[in-house]
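Enquirer: Below you will find the structure I want to go over with you.
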Amino acid sequence: MTPRTLFLALQTLAVVFGDIGISPLYTFDVMFSKYPILGEDDVLGALSLVLYTLILMPLVKYVLVVLWANDDGEGGIFAMYSLICRNAKVSLIPNHQLQAEKRMSSFRLKLPTPELERSIKVKEKLESSPLLKKLLLGLVLFGTAMFISNGVITPAMSVLSAVSGLKVGIPHASQDIVVMISIALLVVLYSLQRYATSKIGFIVGPCLLIWFCCLGGIGIYNLSRYGPAAFKAFNPLYIIHFFGRNPFKAWLSLGGCLLCATGSEAIFSNLCYFPVRYVQSMFVLLVLPCLVLVYLGQAAFLIANQKSSKRIFFSSIPSEAFWPVFLLANLAALIASRTMTIAVFQCLKQSIALGCFPRLKIVHTSRKFMAKIYIPVVNWFLLASCLGFIVLFRSTNDVGNAYAIAELGVMIMATVYVAIIMLLIWETTIVKVISFVTTFLFLELIFFSSALSSVGDGGWALLIFASGLLMIMFIWNYGSKLKYDSEVKQKLSKDLVRKLGPNLGTMRAPGLGLVYSEIVKGVPAIFGHFLTALPAIHSIIVFVCIRNVPVPVVPQSERFLFQRVCSRGYHMFRCISRYGYKDKKQEHHNTFERLLIEGLEKYIQREAVELSLQSEDDIDSDEEPSTPARIITAPNGSLYSLDVPLLMDFAPSVEPIPETPCCSTPQDPALDYTQNLELELAFIKQAKQTGAVYLIDNPIVKARKDSWFFKKLTINYFYAFLRNNCRRAVVSMSIPHSNLLQVRLTSYV
C-alpha cells in the first residue's frame, strides 16, 4: 500500500464514516426501550433486524447504488437535483439555464439516448408538467430541511450516548452531570470547528481507525466469552418470530433499529472528498465487518445478561479496558459530530449556490482542497440548536426518536431522486428500477411509520425544527423567483437604450462601468435609472450577471460568456460570470476585473477573426443599418457623438489611411476588421487604466397592493427580513467604497 493510498484511507474514515461508526453506542438501547427482552429469541430477533438493516441500507442502497448518483464527484440531495436539472428542463430556480451553458465542458455528461423511448418519455413528462417541477423542488427542499435537522440531532445523540457511559464506570453519577459534560464537549467541538476542517482533520483518521478496530475487538471478546449463539441471527426467520410474539412492540422498535444505519446519507454527502472506489472499499473491508462484530458481541452479552438493557455497549466492555474505551468513545462521538457538521456545510453551500437558501459567508479553510469549507453562522446555529435538544430531552431515548425521523426523511428523498436518475440518465431497465423503488421505499415507509409513532416522545421538536428550515428555504426561493420575474418584465429594449442617450444628453466618460443585474437577457431596468440620474456614463459598459449553474465546477477558461449590446460603436457588452456550486467565489475585485477584461479582449479578438472569415456579403448583412450621426453639446461646449463615443479620442496615433477613389478596387475587409480590432483594444486598455466603477442595484422588494394577504406577509416581512440579513453576492469581492455605487429602488412583485 502506497503512502498516498494509506493517507486517503485514513481520511475516508475520518470524513465519511464517523457518523455510522458511533451507532453501536445507542442502537440496542433505543430498540429495547420499546421491546423489553423476555428471552434469547427476542435478542436474536432484534439482532437479525439490525444485521439485515445494515446490509440493505448502508451497503446495498448507499455504498453500491447511491454513491454512483454523484454529480461529477459531488454528493448530496442537491447534487442529484442539479444532475437532473442538467438533463431535463425541470429547474424552477431563477436564472434559467442558457443554451450556451450546455456547451460547457462540465455539461458534457451522458444524455438520454434516442433509442430508449422510455427515457425520452420520462424527460418529456418532467419538462411538460409544472406540477412535477414543483414537486421535485419541494422534495429537494424537504430533504435538505431533514438533512440539516439530522446535522443537529447527530451531535446531540452521539455525545450524549458516549458521555452516558460514565454511569457504568461511576454508578452514582447523575444525569445532570452527563448533560453538563455533553454541553461542555459540544461547545469545545464547535469552537474548534473552523480548524477541524483543515488542521485537526489530519489526525482524526488514525483515531477513527483505532475506534473501528476497538469495536471489532470488543465484539470478538464478547463472542469468545459468552458463546457464538448470536450467529444464529443471520437466519431471517428470527425476524418473523420477533414480530410474531408481539407485533405492535416489534413495530415500535423499528425506529430504534434504523439507528444502526445513521450516517448513511453522510457517506454520500461527504463523497466530494474521495473517489467512490475508496469509499466502497473502506466500507466493505473495514467498517461493515467491525460493525457486524460489535453487534454480534452485544447480542451475545445480552443473551447471557438479559436484564442489562441499558447502556449495553459500555456494559459489555471488559472492566480492565473500560476507561480507555470510554475516552475513545467520546473522541469518536466528537468525530461523528464533526463529520455530520461538514456534511451540513456542503449541503448548504450547494443550496445557496442554486438559489434555495439565503446567502451566507463561506470560509475556505484549505488552499489545496476546494471542498473544505466553514460557515460561521451555520456553525453557531447548529451548536445552539444542538444544546437546545440536549437540555430539552436529556435522554438518549427521546433524542433517538427524533434522530430516526430525520434520517428516514433524507433516505426517502434519496430513494425518489435515485429512481429518477436511473430512469432519466442511467437508462436502467424498468425491472431494476421497480425492484429498487419497491424494496427500499417500502422498507423506509415502514420504518418511518414506526418513527412517527414516537412523535410525542421527542419527534415533535424535530418536526417543528425541520418545518422552520423548510419555510425559510421556500420563502427565499419564492421571493427570489418573483423578484427575478419582475426584473425580466421591466428590462429595457435595445432600441429604447439608443433613444435614451440623445434624449437625456448623456455623455460617455472614460472608464469601465460594471452594471450588476440578475437577468441574463436584455438591458436591466436599473440602467435606465443610471442614465437619467447620472450626468454621464462610462465609455465601456458591461452588464454583469453572476450566475450559479447546476454543475460542480466551471473551468476558468469558460467562466465568462460575452455578448455585444447595441452596435459596436456603443461599447456595451453583457458578461455572464458562471460559477458551479463547488466553485470558490471570493475573488478580490482587482482579480475579477483583470479576468473580466482579459475575457473581453479575447471575445473581441475572436469576433474579429470570425467576421474576417466571412464573405463580404455576409459582413454587410450582419451590419446594423447606418443612422445619421447624433451629436450633443456638453456643458463645456465640446461635441460628442453618440454613435462612436470617444473612440477617436483614444485611437492610437497612426498615419491616416488615404481614401480610396470611387473607381478603384474596394479595400480588403479583413484589413478593416484588423484596424477596428486595434482601435477597440486600445480603447479597452485606456478604460482599464482609468478604473472600474461597480453600479449595483439593491432593490426593496414589496408585494403589490392588490396581492393577497399571505403574499404580502411573505414578501413584505419574511422575505424582506431574509434579504436584509443575508450576504450580498458582491460582498466577497472587497470592493472599495470609492468604486461602488448602489441604488436602492422599490420593486413591486
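The backbone N, Cα and C atoms fix where each Cβ goes, and this holds for glycine too.
Just lifted these from TrEMBL, have a look:
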type: DOMAIN; residues: 8-494; note: domain 'K+ potassium transporter integral membrane'
type: DOMAIN; residues: 510-743; note: domain 'K+ potassium transporter C-terminal'
type: TRANSMEM; residues: 42-60; note: transmembrane segment
type: TRANSMEM; residues: 135-157; note: transmembrane segment
type: TRANSMEM; residues: 177-193; note: transmembrane segment
type: TRANSMEM; residues: 200-221; note: transmembrane segment
type: TRANSMEM; residues: 251-276; note: transmembrane segment
type: TRANSMEM; residues: 283-303; note: transmembrane segment
type: TRANSMEM; residues: 323-348; note: transmembrane segment
type: TRANSMEM; residues: 369-393; note: transmembrane segment
type: TRANSMEM; residues: 405-426; note: transmembrane segment
type: TRANSMEM; residues: 433-452; note: transmembrane segment
type: TRANSMEM; residues: 458-479; note: transmembrane segment
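On this model, are these features tucked inside or out on the surface, and what's nearby?
Expert: Beyond the transmembrane segment (42-60), the same-chain residues lying 6 or more positions past its ends with a Cβ under 8 Å from any Cβ of the stretch are 20, 27-28, 31-32, 35-36, 229-230, 232-236, 238-239, 241-243, 245, 250, 253-254, 257-258, 260-261, 263-264, 267, 283-284, 288, 291-292, 295-296, 299, 302-303, 306, 411, 439-440, 443.
With a cut-off of 8 Å between Cβ atoms, the residues of this chain six or more beyond the transmembrane segment (135-157) that come close are 19, 26, 76-78, 81, 84, 90, 92-93, 126, 182, 186, 189, 262-263, 265, 269, 336-337, 340-341, 343-344, 347-348, 351, 356-357, 382, 385-386, 389-390, 396, 399-400, 402-403, 405-407, 409-410, 413-414, 416-417, 420, 462, 465-467, 469-470, 473-474, 477.
Within the chain carrying the transmembrane segment (177-193), a Cβ under 8 angstroms from the stretch's Cβ atoms is held by residues 155-156, 159-160, 163-164, 166-167, 200, 330, 334, 337-338, 341, 374, 379-380, 382-383, 386-387, 390-391, 394, all 6 or more beyond its ends.
Within the same chain, residues 9-15, 17-18, 21, 24, 192, 286-287, 289-298, 316-318, 325, 328-329, 331-332, 335, 338, 372 sit at least 6 positions outside the transmembrane segment (200-221) and bring their C-beta atoms closer than 8 Å to a C-beta of that stretch.
Here the transmembrane segment (251-276) has long-range neighbours at 8, 11-12, 15-24, 26-35, 46, 49-50, 53-54, 57-58, 61-63, 66-68, 70, 73-76, 147, 150, 154, 243, 283, 291, 295, 336, 339-340, 342-343, 346-347, 369, 371, 400-401, 403-405, 407-408, 410-411, 414, 446-447, 449-451, 453-454, 552, 582, meaning same-chain residues at least 6 beyond its ends whose C-beta is under 8 angstroms from one of its own.
Within the same chain, residues 14-19, 21-22, 25, 76-78, 144, 147-148, 150-151, 154-155, 158-159, 161-163, 165-166, 169, 185-186, 189-190, 193, 196-197, 204, 207-208, 210-211, 214, 218, 263, 265-266, 269-270, 272, 313-314, 317, 357, 360, 371, 373-375, 378-379, 382 sit at least 6 positions outside the transmembrane segment (323-348) and bring their C-beta atoms closer than 8 Å to a C-beta of that stretch.
Nonlocal intrachain contacts for the transmembrane segment (405-426), taken as residues 6+ away from its ends with a CB within less than 8 angstroms of a stretch CB, comprise 57, 61-62, 65-66, 69, 77, 80-81, 83-84, 87-88, 109-112, 118-119, 122-123, 126, 136, 139-140, 142-143, 145-147, 149-150, 153, 255, 258-259, 261-262, 264-265, 268, 432-433, 436-437, 440-441, 444-445, 447-448, 451-452, 455, 459, 462-463, 466.
Note on the transmembrane segment (433-452): residues 56-57, 61, 65, 251-255, 257-258, 401, 404-405, 408-409, 411-412, 415-416, 418-419, 422-423, 459 of its chain, located 6 or more positions outside it, place their CB under 8 angstroms from a CB of the stretch.
Long-range contacts of the transmembrane segment (458-479) within the same chain: residues 92-93, 137, 141-142, 144-146, 148-149, 152-153, 351, 355-358, 385, 389, 392-393, 397-406, 409, 451-452, 701, 714-715, 718-719, 722-723, 749, each at least 6 residues beyond the stretch ends and with a Cβ under 8 Å from a Cβ of the stretch.
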Enquirer: Along the domain 'K+ potassium transporter C-terminal' (510-743), what average pLDDT does this model show?
Expert: 71
